[in-house]
Structure formats: C-alpha cells, structure tokens
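> Got a structure for you, questions after.
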Amino acid sequence: MKIKLICVGKLKEAYLRDGIAEYQKRLSRFCQCDIIELADEKTPDKASDAEKQQIMAKEADRIKKKLGQRDFVIALAIEGKQLASEQFSHLLSEVTVKGYSDIAFVIGGSLGLDQSIKNRANLLMSFGLLTLPHQLMRLVLIEQVYRAFMIQQGSPYHK
C-alpha cells in the first residue's frame, strides 16, 4: 500500500518536520508513505472572494497533477465526516479490500480546498470544528494513519 499526503505549503518548523519524520519511519513497516509539498499562492491582505477563488483554483491545479487516476482520495475539510480512530482504521482496511492500493490525503492551504478537489475526493474527512494550522494538521494526520495501522495490529499503542 502507498499513502500520499499531498499538502499545500512548505513546512518550516523543525519540530513538526521531526515529528512527521518519526511517524514516516514508524509507518515504513506497513506502507510506503510519501509527503508531497506543493507551493502555496500568496494571498493578499483583504483579498476579494474572487481573488480567493482564483488562488484556490491555482492550488487545485497543482494538487490534481499529483493525484493518480486510481487513488482513493481523502480530502480534509471542516465540513467532512468525523471518524473515531477505530472507524478510521476500519476505513483504511476497507479501502484496500475494495481494490485501491494508493490512498491520497489532501490538505489544502490557508484558504482551504477548491470545490473541484472536494468533488474529486472519495471522502471528505474532518478532524472536528477546530481550526488548526495546516502544517500542524500534517502531524496530526500522519499520527492517526500510524494509529490506524496499530489498531489493525491489535497493538496496545491505541488506548
């Protein structure tokens, strides 16, 4: 299985990079986990709604180039479905049973995701109504992916 985290924006904070690298290392015994960073567009102060839409559309074009035609796409969006860790673990195992070998998670930039990416997604997923920096969300997501595999293994990691 191959898991891709497609993220808009560069990760600058060393402590987040270190945490993500640790979970990538842990995940290597279960799957190949690639993190793909895409350039984000600069958003001018007081950008109009039209300008924001244009920015999200440009970012969406970059995202689409990284999505495989047969990827199972999970886009993170505040309006998405909230799952308990056990449900998330079950979802990941079900995806492979359905014949998908690649799962792509998409984390948008500061403005969120363009509707075209949400439409392409097989699932919109939310980690709750809290607003988190998209850089921090990467660490939260990769930890939950690792937790999902540990749940499948019956490991005491998940308590």
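The backbone N, Cα and C atoms fix where each Cβ goes, glycine too.
When I checked Swiss-Prot for this same protein, it listed these features:
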- LEU76, GLY108, PHE127, GLY128, LEU129, LEU130, THR131, LEU132: S-adenosyl-L-methionine binding site (BINDING)
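Give me the lay of the land around each of these features.
Residue density at THR131 (S-adenosyl-L-methionine binding site): 8 other Cβ atoms are found within 10 A of its Cβ, drawing on all protein chains shown.
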> Relative to the Cβ of GLY108 (S-adenosyl-L-methionine binding site), which residues of the same chain, six or more apart in sequence, are found under 8 Å away?
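Once residues fewer than 6 apart are set aside, GLY108 (S-adenosyl-L-methionine binding site) is near VAL8, MET56, GLU59, ALA75, LEU76, ALA77, ASP114, ILE117, HIS134.
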> According to DSSP, collapsed to three classes, what secondary structure does LEU76 (S-adenosyl-L-methionine binding site) have?
strand
> In sequence order, which same-chain residues at least six apart have a C-beta under 8 angstroms from LEU129 (S-adenosyl-L-methionine binding site)?
ILE78
> Please list residues from the chain of LEU132 (S-adenosyl-L-methionine binding site) whose Cβ is under 8 angstroms from its Cβ, counting only those at least six apart in sequence.
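In sequence order, the residues whose Cβ lies under 8 Å from that of LEU132 (S-adenosyl-L-methionine binding site) (at least 6 apart) are VAL140.
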> My understanding is the cutoff is Cβ-Cβ under 8 Å with a sequence separation of 6 or more in the same chain; which residues meet that for PHE127 (S-adenosyl-L-methionine binding site)?
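Non-local contacts for PHE127 (S-adenosyl-L-methionine binding site): LEU76, GLN82, MET137, VAL140, LEU141.
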